[in-house]
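Just below is one structure, and these are the notes that go with it.
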Amino acid sequence: MKPSFVLLSIVLLLSSSLSDAADFGSPSQPPSMAPTPQPSNSTDCSSVIYSMVDCLSFLTVGSTDPSPTKTCCVGVKTVLNYSPKCLCSALESSREMGFVLDDTKALAMPKICNVPIDPNCDVSTPAASTPVSPPVESPTTSPSSAKSPAITPSSPAVSHSPPPVRHSSPPVSHSSPPVSHSSPPTSRSSPAVSHSSPVVAASSPVKAVSSSTASSPRAASPSPSPSPSISSSGILLVSKLFIAVVMVSSFLYILA
């Protein structure tokens, strides 16, 4: 609310200064012939403008209010019913005092508030559009300056040739250590196995008797002492024959 009161006070001072300047500018005219309507109208506009204080929150540039308040519309209707020019003077005074108002919204206030009165304000489009338009940027980002940091695409030459690879592998010696295939000499001489089986015992008793009688002298006779030159195979054969004879004799003894 402080900006609104400041605005109203400055408007009052401005209107009073305008009235004083008008009175001071025409000293030669008689007092009875002086045109008093303009000073009275400006003074009256300054007094009527107070009713539009609630419209500042809607008319200020950057305001987020979707619509004016009911009190604002009542004040606009009061100003327009008194004099449509008062709305125009209010816009001019606010622009001179540094207040940034949206002239498009201000001129559309009669339609927004459903007041069928057109103020017909002569508002220049540049002054009305300067608060809304974005600030003009200085031509700092010119194409030449944008391209000033020239990027040198030339990079240091990279040698794509790979280093020579040595394919020579260390010589592999395929010569294996000599394997001795000579196996230790195995003695293939096996002891003589007597194939004589005790089948002799199954022969007829006549043959058994004859064999026993034939072999008895041998059994009775002392066996010669084995000489050191007799091989082990001979000793084994003799032992087997001796066992066979003993078995046959025992078998014959049982039969007898």
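All residue numbers here begin at 1 and follow the chain in the order shown.
Here the Cβ of each residue, glycine as well, is placed from N, Cα and C on the backbone.
Of the cysteines listed (CYS45, CYS55, CYS88), Swiss-Prot assigns CYS55 as the disulfide partner of CYS72. Candidates considered were CYS45, CYS73; the recorded disulfide partner of CYS113 in Swiss-Prot is CYS73. Around the Cβ of CYS72 (disulfide bond), a 10 Å sphere holds 23 further Cβ atoms from the protein chains shown. The Cα atom of CYS45 (disulfide bond) lies nearest to that of CYS86, taking the disulfide-bonded residues CYS72, CYS73, CYS86, CYS113, CYS121 as the candidates. Only CYS88, of the disulfide-bonded residues CYS55, CYS72, CYS73, CYS88, CYS113, have a C-alpha within 10 angstroms of the C-alpha of CYS121 (disulfide bond). The disulfide-bonded residues recorded for this entry are CYS55, CYS72, CYS86, CYS88, and the Cα of CYS72 lies nearest to that of CYS113 (disulfide bond).
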